[in-house]
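First up is the structure itself, then whatever we jot down about it.
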Amino acid sequence: MIPSNPDSEAKLIEILQKVQEGEKIRSLARQYGIHESTIRGRIRGAQTARKAQGKARLLSPLQDKHLVKFHLHEEACGHALSKCELCDVAAMIAHPDVEAAPASKRWVYRFLQRNPEVKMKPSTSLEATRSKETTPEAIQRFYADLGDAVYSLSVGSDRVYNMDEHGLYEGLTKSGKVIGDSITRRSIITESDTRNWVSILESGNAQGRRLRPTVVFGGNWLQERWFYKDFPSWGYDVSETDWANQRACEKWLRETFLPETKPSDITLWRILLIDGFYGHISPRFRFMALFYRVQVIYLPPHSWHMTQPLDVDVFGPTKAAFRRHAKQFAGFTTTAPIHKQRFLKNSRDEAITADNIRGGFRGSGIWPVDVERALGRDVIPEEAPGEKSPPHTPQHQMTTPREAPYTPKGKPELLSQLNSLRKDQSGYDRALGGIGQKAEDELDRKGVEIVTLKAKCLYLETEIESQKHARKNKVIWKALARYPTREEIHKAREQAIKRKAKKQKRRAAKKSQGKENTVKSPINSTIHVSQL
């Protein structure tokens, strides 16, 4: 540790007082053991070395105080910072706009020397040894802390948010009940060979508002072919592990959560509920949230099926809708990957609704705060007999028939006109009835044929599209700072189109040149023979 002499400043203060009383500087320097030049410099108004070097320090005194406050807050939450994490947070405070290198380890000792409120001490892992499984006591403590935070911070339902990550296999289908031959016991359904994984960061509040999602692809670069023509304006990122890492979560907090949830009064607090995944608990993430008055509350481990609002009533319907939309691609082997967010928008619009989000907060007991709802999710009471109404077929609503004859578009309209003729016996006979019956049968046959052909056409279109080979084209953007914009993605697409056009032009020129050579070769041979 860097040596220090905390008594030297007190000695200098005494020396300056005695100099003002008339004592000699040289004798005081020998008496107190301090250089005479130091005393004379202080008399001329020189500052201490610490104050003089304040501008050259990594953090200002005010930033030091904020960092101490943040560290004490994190220790109270059970996430005390290590030396490396403290250096990382200090670098983020000093250079918030760039990805700076962390501070040196020597800086940590100087920081501890300047701030005696914190110190290095051994840590003890408590939660990992005590709660390997979810217990009612841990759940009750969590909801008690949540209620205290809501009350002390005066947070309403519009400022209580939940963020969670879920993943989807693009080619994944699910076994279930289907319609098939009554002779066999099981039906075999085709499953796609595609196993492209994609992760999505979703978030919403207790009032049912959903925020812009972030789609995390697996890889080192975004590829232009992953985006179809009219892709939504979401956040897009990449990760080597196919899951959102610390950098992706920090970018989500900075680019999505903070600007979209900014209250009209900046003094108001927000609550963000997240799980304990390592990407969500980085010191940079927590410091950035606390700096903008966002209280991060971590859900108890192994309790996300009970306490995570998005897991309770949102992600299940979303995955079911995604599998249903992706099932049409399961009948063939693809040579090119399915566009990674082909069905995400439709599935999200269908399942992540305001009612489902509110139901998730209500079912998990997060809002209103109710621990009994969370504890009661494992126990599903049996329904009393006769409580459920039997299924019934909805009655077809008859439309008012038109008086004037018209061309029927289907069997119901034809039956309506024939019934009107039966009522008027003057224009109806048995031959007309037979013709009407044959027309009804033909309309039924044509209707089935049209539906079958449409299904086959859709199947063939999807197969042809999946077999198209697409060259990899990188999307160039500042990956560490923000999400890619639509213009940057479209620019990569335009470059790909230009390269493809040049390639086709070269092929056409090569082909035409080959034809010219084949035409000229017999003529040249004839001339050569005549000359001989």
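Each residue, glycine too, has its Cβ placed from N, Cα and C.
In TrEMBL, annotation is done automatically, which means it is predicted and not curated.
Database features, via TrEMBL:
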| type | residues | note |
| --- | --- | --- |
| DOMAIN | 51-121 | domain 'HTH CENPB-type' |
| COMPBIAS | 381-390 | compositional bias 'Basic and acidic residues' |
| REGION | 381-413 | region 'Disordered' |
| REGION | 495-532 | region 'Disordered' |
| COMPBIAS | 498-512 | compositional bias 'Basic residues' |
| COMPBIAS | 519-532 | compositional bias 'Polar residues' |
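In terms of DSSP helix, strand and coil, the domain 'HTH CENPB-type' (51-121) has 40 helix, 0 strand, 31 coil. Per DSSP, the compositional bias 'Basic residues' (498-512) is made up of 15 helix, 0 strand, 0 coil. Looking at the domain 'HTH CENPB-type' (51-121) alone, the prediction's average pLDDT is 78.
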